């Protein structure tokens, strides 16, 4: 029954844009004001595209009452699109989501519980073929079947073909691996706090970046993680517990209300800021979600992002901050960074984030190339933006430097031949059995 329900919901999502137009054209939601929109989509899908209504009671009667109107609207839609089959109505949606099928399945090894070598060995025992470290993005694109690679940029990231489903894999359910897009791994990697640091994850839920920070810190130090939504905080708590994260204080609180002068934050030297954004870079978003936010919506988001970035920079001991979004829009990315840097004067500066990364920030202002961008076409990831800011003054790092943790990881990768397995490291006490 669970598999059948999952299939029904998946197909409903696939047809979501078509279903929305049918509901509007047939004015179903206006006629049935108590009918929830999501339930309406499921009913209409099952009625017109599925195997017929399986439910009973009033919902079945309601859907049948409007059947003639819905079928007439479907016929008109086919005439307007000049198609004869229901499947042909999906062509624009499938074209829009073609980028998603090219993005591989990225798997971050959770070093709080295991190590890369042990995870590779585990997958080998499950019949997967390990091809060594990737030398180029083209190698990631060519992956197929039960083959996997070590990522060419991030030392604890494995890459599988995009169709690989690991949600039921023992390593995932036990928290030894985290299913996290490569671009989403960049913020914590580039923040790179040294073990023992005090760190704020300002907009933390659902917690993948928080668990990554904990792994970089080796659970030594302190993380303060904030999110305003109680359900998201509960989800994050579950994820962090499964990942073996300790030394993390979760707070259901709007980060803008956090007092930088509170003594408990006196030692916070690093902040990861990944605020709410349009999500326009997420290639695997559910069909039917708004792909192009209005100018008003972008302006409102950018205003919030500027406020929260300025607030983050007001913490007195802050030395390094990473600002990131999963947005493609300049208004939420380069424009926000430029506005806040101008507001800060000479207190903070941009440093070159990951110099070897191929895609740089848009030329919106001098120095914007220090930022980095990611995209399905060029980096085989979700669309993403990352900027690294450091406090100016004595002891500040050179403008093109990597963070301490990233330098250590880069050194680990030096000397490893392309296509060869990484050198064996001393195994940790807690291994994958």
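Every residue, even glycine, has its Cβ placed from backbone N, Cα and C.
Remember, TrEMBL labels are computer predictions, not curated facts.
What TrEMBL lists as coiled coil is 60-87.
Taken from TrEMBL, the feature domain 'SAM-dependent MTase RsmB/NOP-type' covers 95-392.
Here residue 203 (S-adenosyl-L-methionine binding site) comes close to 226, 227, 255, 273, 274, 275, 276, 308: these same-chain residues lie at least six apart in sequence, with C-beta atoms under 8 angstroms from its C-beta. The annotation S-adenosyl-L-methionine binding site is assigned in TrEMBL to 203, 204, 205, 206, 207, 208, 209, 227, 254, 274.
A 10 Å cutoff on Cβ-Cβ distances gives residue 326 (active site, nucleophile) a total of 22 other Cβ atoms nearby, all chains included. TrEMBL lists 326 with the feature active site, nucleophile.
The region 'Disordered' annotation in TrEMBL covers 408-433.
Under the heading compositional bias 'Basic residues', TrEMBL lists 422-433.
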Cα-Cα distance linking residue 326 (active site, nucleophile) and residue 207 (S-adenosyl-L-methionine binding site), given in Å to the nearest integer: 15
For the coiled coil (60-87), distant same-chain residues with Cβ under 8 A (at least six beyond the ends): 18, 21-22, 25-28, 31-32, 35, 43-44, 46-49, 53
Length of the line joining the Cα atoms of residue 326 (active site, nucleophile) and residue 254 (S-adenosyl-L-methionine binding site), in Å: 20
The coiled coil (60-87) [mean pLDDT, rounded to integer]: 80
